[in-house]
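What TrEMBL records for this protein:
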- 1-40: region 'Disordered' (REGION)
- 1-10: compositional bias 'Basic and acidic residues' (COMPBIAS)
- 24-40: compositional bias 'Basic and acidic residues' (COMPBIAS)
- 65-137: domain 'Cation-transporting P-type ATPase N-terminal' (DOMAIN)
- 116-136: transmembrane segment (TRANSMEM)
- 148-164: transmembrane segment (TRANSMEM)
- 296-318: transmembrane segment (TRANSMEM)
- 330-352: transmembrane segment (TRANSMEM)
- 699-721: transmembrane segment (TRANSMEM)
- 727-746: transmembrane segment (TRANSMEM)
- 767-791: transmembrane segment (TRANSMEM)
- 811-832: transmembrane segment (TRANSMEM)
- 844-867: transmembrane segment (TRANSMEM)
- 879-900: transmembrane segment (TRANSMEM)
Amino acid sequence: MSEPNVEKEPGPQGDEPAITQTPFEKKKREYKDFGHEEEKPTHANVDMSLIELKAEDLYDKEKVDLETIVIDDVFKLLQCDEIGLTSEEATRRIELFGPNKLEQEEQNAFLQFLSFMWNPLSWVMEGAALVAIVLSNGDHQPPDWPDFLGIVLLLFINSTIGFYEERNAGNAVKALMDSLAPKAKVKRNGTWSEIESSDLVPGDMVSFKIGDIVPADCRLTEAINVSIDQAALTGESLPQSKKVGDQCFSGSTCKQGEAEGVVISTGANTFFGRAASLVGQDDDTTGHLQKILAQIGSFCLVSIGIFVLAEILVLYAGFRYSYRRGLNNILVLLIGGIPIAMPTVLSVTLAVGAQQLAKHKAIVTRITAIEELAGVTILCSDKTGTLTTNKLTIDRATIRTYGPFSADDVMLLAAYASRTENQDAIDASVVTALGDVSRARAGIKLLDFKPFNPVDKRTEITYLEESSGKLKRVTKGMTGIIIELCTRNKTEEIENKLEADVEEFATRGLRALAVAYEELDGDDPEAEGNGFELIGLLAIFDPPREDTKQTIDDAQALGVKVKMVTGDQLAIAKETGRRLGLGDHMYPAKVLKDGPAPGGKHMNLDEMILDADGFAGVFPEHKYEIVKRLQGLGHLCAMTGDGANDAPALSRANVGIAVEGATDAARGAADIVLTEPGLSTIVHAIRGSRIIFQRMRNYSIYACAVTIRIVVCFAILAFAFRFDFPPFMVLIIALLNDGTIMTLSVDRVLPSMTPDAWDLAEIFSYAVAYGLYLTASTVALVAIILKTSFFHDNFGVTFNGSVYPSSSNDAQLHTIVYLQVAIISQALIFVTRSHGFFFMERPSVALMVAFCIAQLISSIIAAYGNWGFTQIQGISGGWIGIIWIWNIVWFAPLDWIKFAMKATVIKRMRERHDRKAAAAAQEASQGGFPITRTQSRAASIHESMYSNRVSFIRRAARKVGFGRKIAMKPEELQRFSSIQAQRTGATLARNPSRTGA
């Protein structure tokens, strides 16, 4: 797609074309009015009176060309008139076409609750429950009801917590979206009234004026000086003039005038809706976090499977265990080894994080996007309204003068020639630049004012100067128009100077507004003056937001590269980049098609995209392509946008961010919706997401380590001492662990200063080291108790009065092992959550309180837990003290194990990873295969099982197959609208009105 030939700087009013400038070679050509050739309306080549009987004719473009048919035929097609529909007919059509809004898929609360039990980790626990109730009828013993009930209780507790947190956050987002419902003015039963725009139907007569949002796709029946901003659909910020018969699209904004029209399509059938429906998730619906969860789950399942198989072989084939005794040992590994709380803990952590981000005005609509935001390396930001204020401003430092007036005089006279009420963007910028807006009418008496119109492309004021009593006239507007009026000082020298100044402005991305002045003789304000004189040239630009430069510096300090992606001209993009410190290393969008210039410093397009500070003149497909290529180069990419035209790129990006004031289509495609203007909110969100990522990483190491610790420990105890630990006590350990671990969602952690990434090999290495060390602490304790009298000799403790336990399965020995495992396993979290010594990083109060409560409960159970069915018996205070001291002694070296791992195994792994990444990058730069950002090598067989069940707002369902790119040319807009009108007519034809409307 070629570059646009006019600037696309947004402006909220319809006189933008009056000042649109580019460096000119020939003034006449440069300042021409960019319009569209008009096509004469035609009639449908079909008998409209039979349209109900021949609905198929609507799909024959040779018979019915709805792009050009006259309005009368549209009314006949839609079976309506200018009086409007009756209430009954509107109700009937609502049933046919549905509401005029983008439907959100409501999630069934019960199924959402059950979804927390639908993942491989939960399946193993559910299998263990079935084993306890179905397969445990052996050796003349009843089913294992205590274990069954305990497992079910654990599953329900985890699901309830996750469901509650997720539902709360989802309800908050739904309330936000509901609060944005717009209104529409509609004629029903012959009278005008205001209704919810969602209640509009095809055939309704609607009315809108300046500042209103067009509520549905319509054809205009009346238009008074109408200008429509379609930037939300096309990405082009220049408002389009509309006349009777023209099409207006849902979501566009009326910037000037008043209009009435007939609705031709609503809801998902509008162009707005179709643009949203084109935006679907990738074919791989498994989210990034789900893949990580799957691989962690696979690690745990494989570890458990290996030792379950070993126990089956050793206990049954080797030790000749009875059926029920061996089954209980297997249940211990299944129940204790599965990190059943993992999906819930991570969901709760993300949900709590989403609520924290909401405080920074960032509403998370896809909760797993928080995890991906932590790893974002490149942020592609729109310019207008995000980096800049989207408010045109006069750059006073660059005002040029050509006559006897000073720069301040030129500003004051330009303000005279501006409206002070019902202002458009240009007038507002000029008057505001005075500082005191009252000066725009002070000392003068207004006699005549001519506002901007598309023909003259200028404003003009005739006024009486009260101090001198003279009549004077000032005009401001498009440079090429104003210079032609200046008969008094239009010399070759002045024209050359003006041309040089305009060209300088254009190269800097500033747009020129010329000002001219003349005096009138006599008292007739309509008389000819003595000739206009060019007195000045104003530079207008969209200034950067006050906080943007600091925000970009902060983002770059966090390791996030910011690239500007704008629809504006290259000169404007470069000037904005220079002012913000982004750099001016920017390219026009056409390079994405043509590639780098031969002999340049870039070997290929990917290298150019990675090196660029930004791109200008982009269309939606360009944004999509930029994001796709950056992802192919191994980067996690975030993209900001505000319109339906941004929806494909927002959906494609790892994290799509809809900025403040974005359209429904953009919000529907985005993962995060900002409710405050500017880029600073995004940087807050990045910091917040990295805090959340650290919490998830800390828990993942802990969960994997506990899995290794349980399965290896109890398998070795069974093999070495034929030790049969009661399965119910493993459930108690898991339950207390879960209660404590949930508090990690609010733990105190520091965000990293570089983008985060999952390195599962590193996580698994830590987990194995910690797990084996804690296994040694338990095996050593049991060995000393069974083989020596050390504790009796030194501390005087006994087993019901005996020096040694009655057997390797003594009930008090079970209690001792339970308490030792419960305390030190839970204490491990303080090591995994810290990067240095555990006592150097203060945990949250919630974590400390939960840990203390859990250990108090564990100690009370150990002292008084004489539960026969659990095969445990209370132990003395002496034994409890010994176990606490034992655990403290073994806990102390855990930090040193962490440091040793960092210095050896982890260091070598990172060096090897860096070498591979560098080699892949070099291969990619030489035209080889692109590198991919895959921190963990093995793909899990369970990935597809982890559905993205935590999405708060469903993306629009893709119901049509127009492809993944949205073409935004004006003729495409027209074509889409015609297709929608055809579908509307066809539906009405199949369902004729019962009232004969």
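Here the Cβ of each residue, glycine as well, is placed from N, Cα and C on the backbone.
Of the candidate ranges 296-318, 844-867, 879-900, 844-867 contributes the most Cβ pairs within a distance under 8 Å of the transmembrane segment (727-746). Taking every recorded stretch in 148-164, 330-352, 699-721, 811-832, 879-900 and counting its Cβ pairs under 8 Å to the transmembrane segment (844-867), the highest total belongs to 811-832. In the predicted model, residues of the domain 'Cation-transporting P-type ATPase N-terminal' (65-137) average a pLDDT of 75. A contact links the transmembrane segment (811-832) to the transmembrane segment (699-721), because at least 3 Cβ pairs that are 6 or more residues apart lie under 8 A.
Cβ atoms under 8 Å from those of the transmembrane segment (767-791) belong to residues 299, 701, 704-709, 712-713, 716-717, 720-721, 723, 797, 803-805, 808, 813, 816-817, 820-821, 824-825, 828, 831-832, 879, 882-883, 886-887, 890, 893-894, 897, 901, 905 of the same chain, restricted to positions at least 6 beyond its ends.
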